[in-house]
Amino acid sequence: MVHFIFVTGGVVSSLGKGLTAASLAMLLQAKGFRVSVRKLDPYLNIDPGTMNPHEHGEVYVTDDGAETDLDLGHYERFTGVSACKFDSITTGAIYSKLLKDERLGNYAGVTVQVIPHVTNIIKDFILSNTKGFDFIICEIGGTVGDIEGLPFFEAIRQIGNKLKSENCLFIHLTLLPYVKTARELKIKPTQHSVKALRAIGISPNILVCRAERNISKGEIDKISLLCNIESEYVVPAIDQKNIYLVPIAYHNSGLDNKVLKFFNINIMPSKLDKWHDIINRLKDSNSKVRIAIIAKYHKLKDAYKSVIEALDHAGIYYKYKIDLVWINAENLTEENINKKLLDIDGILVPGGFGERATKGTIIAIKYARTNNIPFFGICFGMQLATIEIAQNLIGIKDAVTEEFKVDGTKIIEKINKNCEDSKITIENVKKTMRLGSYPCSLVASTIAANAYKSLEINERHRHRYKFNNEFQNIFEKHGIVFSGFSKDEEIVEIIELPLLRWFVGVQFHPEFKSKPFEAHPLFIQFIKAAIEYNKCN
């Protein structure tokens, strides 16, 4: 029988419910259990695919092409298990299905209501696709008390009532704010959060308390008394310097064993060798390398969450700290770039959409190429790299991307040529996007082939434009190597400038497949080049 664990949050948002769910999944996995982690988001968007990165953060793409919340990236990175479209749902997707079914007459003329019809869809999502798993961990987005989340809390209340405690566990994550003037952690917000949860019929079984300093036994006992939870099941979650220290911190707090004890499951030893190795590597990371991220969504670093993590994974691999330097691409000019990129060891241009900030980004790419600084362009970053090369190396001064709808020589063109600009609307925007994992063939003896140690790979994509193959010959005459292609050879996947120290652009998103214990080969090689550049300068 599968066991369900629901992770909810209170007091404030962004407490780390996703990291808690991912950490618990990893810890249970380390004991030999099969675990699936899912995210239920209360917002009305069908998925985050069309949301502004400044509003939502990164859109995490799964192998099967689902555009999901960045928390699924945490789930994958911690467990090593690929997420899929069945691991994420939103209120928007629920209402979309509900209204479609209502129009088709599937409700047989009854009055369609939040209870039971919306809650039934939520329950079906949670209770479906459970075969082969010992635990299903469901993270409920937002905080208790949010009006958008009420149907989700009602649905999991009903599930808990049906399955009873033998197969259902509620974990509630709260904040214990530290008031410096009083020199104490405040428990009152946690009391109110638990009270709000109980008011809708859910009594938390485990209370995870986030705090910036250690929680004393006296404070734990007080929380236990006031929240009516045994002190054994009040788990401290103290701030950590690095997110990869969180799972072991939870293990040291006994979270995994408490879950097993609650379910009356025999406690087995944990195999955590690879995580202890990560911790040791982090402790041994005394040297650092400076990487500039040329960002158009610089106001919210979570817009590049997987890129940041993938760089850290490569840093862990080499026992180096990655010192990220965030550069607002809109503010870059020929006049200030020397100052902005002073003492930089590597330049990375991540994915993005739209014309804004492209001028400054192209200036940064030119700076990397002409100064022989290690460069890594991802998706849009690769596309802009080809435009920079066309304009400044080959001499095609009017080189443009078709995405911006301007006159010029289209170095970057639509994947689907039959899709006119006027047809690209919110309604069919998904149909124009190449989403998910696709195979890619590599050319032997190239940077890419040497990095992957294979000629056949699979990587995840999220784009609707590609390199115009009509210009391949002229690019090759100027020293550019096309080292990766889609299986039908229609889409250029990787470009390289082998005469430079390390200059690589990829059409896909390698950051989505990087793990802390298995850094992505391209990020490994990029950081290696940056380390060597640092030593030479």
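Please read every residue number as a count from 1 along the shown chain.
Placed from the backbone N, Cα and C atoms, the Cβ positions cover glycine too.
Copied over from Swiss-Prot, here are the features:
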type	residues	note
ACT_SITE	CYS379	active site, nucleophile
ACT_SITE	HIS509	active site
ACT_SITE	GLU511	active site
BINDING	SER13, ASP146, ILE147, GLU148, LYS222	CTP binding site
BINDING	SER13, LYS222	UTP binding site
BINDING	SER14, LEU15, GLY16, LYS17, GLY18, LEU19, ASP71	ATP binding site
BINDING	ASP71, GLU139	Mg(2+) binding site
BINDING	GLY352, PHE380, GLY381, MET382, GLN383, GLU403, ARG464	L-glutamine binding site
DOMAIN	290-536	domain 'Glutamine amidotransferase type-1'
REGION	1-265	region 'Amidoligase domain'
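Sequence features, as recorded in Swiss-Prot, placed on the structure.
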residue	record	DSSP class
SER13	CTP binding site	coil
LEU19	ATP binding site	helix
ASP146	CTP binding site	coil
LYS222	CTP binding site	helix
GLY352	L-glutamine binding site	coil
GLN383	L-glutamine binding site	helix
ARG464	L-glutamine binding site	coil
GLU511	active site	helix
I need the neighbours of the L-glutamine site defined by GLY352, PHE380, GLY381, MET382, GLN383, GLU403, ARG464. Which other residues of that chain put their C-beta within 8 angstroms of the C-beta centroid, in sequence order? GLY351, PHE353, CYS379, LEU384, THR401, ILE412, HIS463, TYR465
For the recorded positions LYS17, LYS222, ARG464, HIS509, which one has the sparsest Cβ surroundings, going by other Cβ atoms within 10 Å? LYS222
State, in Å as a whole number, the widest CA to CA span among the ATP-binding residues SER14, LEU15, GLY16, LYS17, GLY18, LEU19, ASP71 given in the record. 12
So among ILE147, GLY352, GLU403, ARG464, all listed as binding-site residues, which is physically nearest to HIS509 (active site)? Use the C-alpha atoms. GLY352
Would you list the other residues of this chain near ATP - those whose C-beta lies within 8 angstroms of the C-beta centroid of SER14, LEU15, GLY16, LYS17, GLY18, LEU19, ASP71 - in sequence order? GLY9, THR20, ALA21, HIS74, GLU139, LEU173
Measuring Cα to Cα, how many Å separate ASP146 (CTP binding site) from ARG464 (L-glutamine binding site)? 36
Please identify which of LEU15, LEU19, ILE147, MET382 has the densest Cβ environment, defined as other Cβ atoms within 10 Å, among these binding-site residues. MET382
Counting only residues 6+ away in sequence within the same chain, which have a CB under 8 Å from the CB of GLU511 (active site)? SER306, VAL307, GLU309, ALA310, PRO350, ILE378, HIS520, PHE523
Report, in whole Å, the straight Cα-to-Cα distance of GLU139 (Mg(2+) binding site) from GLY18 (ATP binding site). 7
Starting from GLY352 (L-glutamine binding site), work out which of the binding-site residues listed here (LEU15, LEU19, ILE147, LYS222) have their Cα within 10 Å, and give them in sequence order. none
May I ask for the distance between LEU19 (ATP binding site) and GLU403 (L-glutamine binding site), taken between their Cα atoms and rounded to an integer number of Å? 36
Return the count of C-beta atoms lying within 10 angstroms of the C-beta of GLY18 (ATP binding site), excluding that atom itself. 23
